[in-house]
Amino acid sequence: LKCHQLIPPFWKTCPEGKNLCYKMYMVATPMIPVKRGCIDVCPKNSALVKYMCCNTDKCN
């Protein structure tokens, strides 16, 4: 699996066991990602932070 890093078009290949790409952003500024990369389990959203997770190459 290949996931974008914080600034596309940079990306990296995920290590074994991290089978999701994710994008984390603040609820107040949804168009500005705070963090991107590979993750094993999609974190829960909170009142301030949202996570978008997906399992195809460079989908974040």
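Each residue, glycine too, has its Cβ placed from N, Cα and C.
Listed in Swiss-Prot as the disulfide partner of C21, from the options C3, C42, is C3.
Annotation in Swiss-Prot places C53 in a disulphide bond whose other cysteine, of C38, C42, is C42. The Cβ of C42 (disulfide bond) lies under 8 Å from the Cβ of L20, Y22, Y51, C53, each of these being in the same chain and 6 or more residues away along the sequence. Within 10 Å of its Cβ, the residue among the disulfide-bonded residues C3, C21, C38, C59 with the fewest other Cβ atoms is C59. Each residue contributes its Cα atom, and for C3 (disulfide bond) and C54 (disulfide bond) those atoms are 10 Å apart.
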